[in-house]
Structure formats: structure tokens, C-alpha cells
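K.L.:
Could you have a look at this structure, given as C-alpha cells, before my questions?
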């Protein structure tokens, strides 16, 4: 009986999916990434952009440019059918089995961290909505505990079941969320609430020293929270597709599923922020909605957060296995959710670290950027042969030198250094060269350009040398 079935616990972890066990269609990935982008986080990010001192059109330009990075994100999904394993496992083909440890550890921290943040945000929104409907019928401690249990329980159940169930349910949740979100937009338009602003209006002073600097910060926020927030997660959900899956079709479904929904949700966040000055979207957004829509709004938020969090939970479990943890996949998910529950309890009852932790997670862009650039570039540079089982073989093709592809690793570290020089993740860290770009954030470009400038020529020289060696060996054998 196939392991990957709807509503049955998936036992397979990072081990290679054999051709006989592969099935599905790229269209499934359209629904998966559409559903994930209905999350509250995109509304919040959209709501933050005007508070960087940008007007509507400047925010829209940042959203459009973000789509260039969605293109790169969509390309990362192509590794799934090629190797039949998770993103951080296929990354071994690029960085080496040992060289991949650092990106894998960082991916696990990122996945668990965003789960914790999303969970706490979901709890706080639910508390606000319930209190508005029932006028503080329950104390905060009781209500937040119930909401936390719902968030943890729903995410745990969904992610425990695994790949087939995730893709199956994302199709229905994407439809429900599309309907619910459309109704919310229509209500806001009918009430005249969505366009209470001038398109050239500003609601806050510039975050940078000039408009370009502020716009670059906006672009960094968008890319780090949307496409590059998921770039190191993507192959998990395409790995069960047949090896001969049409790459163009897969790319299109991932790109459009991600881009359409993220653009709309973020743009609505921008408009609501300009209309209502939503400095605190968690508390202020429910107040902007009609009372009759509060329960549907709460359901939209819940389903959207589940759709995003289940992907975080699934990836974090596979990342643990990629680090050599021998727990079965469903057990790694349980470990993950225990940690998230502890984070939620700490944030809700002891110290609300969420905003500070979001700032820390925002710094993840400095490593995700060069990793993504190298990972995608190698997909096109590597002409094979592709040997999936060598991803686990210390004497195979992906062992390189002592387990590390130093070309990729050196380029990766250099890209991180370059990104750090230009990152503006105030107040946690501001790179010394941000003043060159108006106090903005140039880490996306700096990290990508430096890592690729080192990796591509170095990799190409090695490939030419290998091809020459193979040619000489073949000539010698023919002469013998």
C-alpha cells in the first residue's frame, strides 16, 4: 500500500521517493501556495509598508518588483521531481552532505520561529475578535489558552498526516479563503472603507534618509516574508511528482499560485493601512470590519494561519531529519509542536518576545539570499548525472571534499558577509554600508551578486576541468 495517502499518517521522511510511489499534478502546487499566502502575515506586511513613509504607488511598485523574486522561489520547486526529497536534503547536492549542515540548521530555526510567531498572532487576533463579539466574557488568560490549544492542535493534526493530506486540504482551503477574502473586500468597498486615502498620500515620515532607501526597506520586508521566506521549503511539496514532470508547467503553477494571492493580500493590507492608519494590525483590523463579519473574519485568519503553519511544521520536521536526527517524520513534527507550544505560552504569559523575534527572523534574509541564489544557479549549471541516493552516501557524487562543496560554501559565506554589510534590520542590526543606499536595505542584491560572482565561474572552471579529464581518460582507453 502506498505510504503517501490522504488522511493517513505519512511515514516517509527525507528518504528518496521512488518512481513507483510518485504521482500528482503540478496544479496541486498552485493551490498549496495560494492557500499559504492568505496568512495574516501578508496583511500585516502590507499594513507596515505605508509606515515606512511610502505612498500607495510606491508600495505597489515594491509589490511588483517582489514578483521577480517569486520567479526565483518558483524555480526552487524544480528540485523536488529531480531528486524526490526535501529542500534541505536536495541542497546536499549543491553544498555537500556536511557543507549543508549550516543552511539546514538555519532553516529549522526559521521554520520553528515563524510557526511560533504565526501561532501567537493567531491567538491575539482571535482574542480581539471574541472580546469584541462577547464583550470580554472570558479573562484573557483563559481565552488565550483556548485559542493557543486550537492553533497548536489544528497545526499538529494537519502536519502529522503529511504530504498527501496537506496538498489535498490546501485545494479546499484555497477556495474557502478566496471566497472569504473576496467577501471581505466587497464589504469594505461597499462601506467605502477601502479607498479612504489619496493615492499620493503619506501617513508616516520616511524610514530611510530618502525615498529610495525607504523603498528598499519595503522590498526587503516583502521578499523576506513572502518568496524568500518559503524558498528553502519548496521541494517538500513537489518531491512526489514524477521525475518527468514538465518543469515549465510546475514553475507556472507555483509562480501564479504564490504571486496572485500574495499580491492581492499585501495590496489590501496597504489600502487598509492607508485608510485606517493601522499601526497595530492585530488589534486595529477587526475594528475596521462590520460586526456581522467578525466571525467569518476570524475563520479566515484561522484557516490562513493553519495553511501557512502546516508547511512550517512539515518542513521543520524534515529539516531535523536532514541534520541526522533519527526520529520518524511524524515524531519530529510532535517535537516541533511542543517547542511552538512552549514559545506561545512564554510569549502570552511571561514576556511578549514576538516583535523582537520577528526582527531576528527578518535577519534570516542575509543567509537565505545567497543560499537561494546558489541553489537555483546550480540547478541549471549541473548537467548530471543526478544520483538521488548519493545524497545519503559518504562515497558518492555529493560528498565532494570531506563532505563539503567548498565552491558553494565559500560563495555562501561571502554572500552572507556582503548581505550583512547592506542589511537594515533595525533595531537589531544595521549594516555599515546602508548609508550608501539612503539608509535602505540592499542585502538582497548584494548577497545574490557576490555569491553568484564567486560560485558560477568557479563551478564552470571545475566542470570544464572534469570534462577535459573525462575526455583524456576516454582517449587513453581507446588507444589501449
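Think of each number as a place in line: the chain as shown, counted from 1.
Cβ coordinates come from backbone N, Cα and C, glycine included.
Here's the feature list from TrEMBL:
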TRANSMEM  29-49  transmembrane segment
TRANSMEM  55-80  transmembrane segment
TRANSMEM  101-130  transmembrane segment
TRANSMEM  142-161  transmembrane segment
TRANSMEM  173-192  transmembrane segment
TRANSMEM  212-233  transmembrane segment
TRANSMEM  254-276  transmembrane segment
TRANSMEM  288-312  transmembrane segment
TRANSMEM  333-354  transmembrane segment
TRANSMEM  360-381  transmembrane segment
TRANSMEM  406-424  transmembrane segment
TRANSMEM  436-456  transmembrane segment
K.L.:
Would you mind listing the long-range same-chain contacts of the transmembrane segment (333-354), meaning Cβ under 8 Å and 6+ residues beyond its ends?
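P.N.:
Beyond its ends, the transmembrane segment (333-354) has Cβ neighbours at 111-112, 115-117, 119-121, 123, 141, 144, 148, 151-152, 155-156, 159-160, 313-314, 316-317, 320, 327.
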K.L.:
At an 8 Å Cβ cut-off, counting only pairs 6 or more apart in sequence, do the transmembrane segment (360-381) and the transmembrane segment (55-80) clear the bar of 3 or more pairs?
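P.N.:
Touching, yes - the transmembrane segment (360-381) and the transmembrane segment (55-80) meet the threshold of 3 or more Cβ pairs under 8 Å.
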K.L.:
Counting only residues 6 or more past its boundaries, what in the same chain has a CB within less than 8 Å of a CB in the transmembrane segment (212-233)?
P.N.:
33, 36-37, 41-42, 45, 48-49, 52-54, 58-59, 61-63, 65-66, 69-70, 72-73, 76, 87-88, 91, 103, 107, 110-111, 114, 206, 258, 262, 266, 311-312, 315, 362, 364-365, 368-369, 371-372, 375, 423-424, 434, 437-444
K.L.:
Which residues of the same chain, at least 6 past either end of the transmembrane segment (29-49), have a Cβ under 8 Å from a Cβ in it?
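P.N.:
Long-range Cβ neighbours of the transmembrane segment (29-49): 59, 62, 77, 117-118, 121-122, 125, 166-167, 170-171, 173-175, 177-178, 181, 218, 221-222, 225-226, 230, 237-238, 250, 253-254, 256-258, 260-262, 265-270, 272-273, 278, 281-282, 285, 300-301, 303-305, 307-308, 311.
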K.L.:
Kindly say whether the transmembrane segment (288-312) and the transmembrane segment (173-192) touch, using the definition of 3 or more Cβ pairs under 8 Å where each pair is 6 or more positions apart.
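P.N.:
Stretch pair touches.
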K.L.:
Sort out the residues at least 6 away from either end of the transmembrane segment (406-424), same chain, that have Cβ-Cβ distances under 8 Å to it, and list them.
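P.N.:
Residues 94-96, 99, 102-103, 208, 216-217, 220, 363, 365-367, 369-371, 373-374, 378, 400, 430-434, 436-437, 439-452, 454-455, 458-459, 462.
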K.L.:
List, by number or range, the same-chain residues at least 6 past the transmembrane segment (55-80) whose CB is under 8 A from its CB atoms?
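P.N.:
Same-chain residues near the transmembrane segment (55-80) but 6 or more away: 29, 46, 49, 87, 90, 197, 199-202, 211, 215, 218-219, 222-223, 226-228, 230-232, 234-241, 247, 250-252, 254-255, 258-259, 262-263, 266-267, 270-271, 274, 372-373, 375-376, 379, 444.
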K.L.:
Going along the chain, which residues at least six beyond the ends of the transmembrane segment (142-161) come within the CB cut-off of under 8 Å?
P.N.:
6-10, 115, 119, 122-124, 126-127, 130-131, 169, 302, 305-306, 309-310, 313-314, 317, 330, 333-334, 336-337, 340-341, 344-345, 348-349
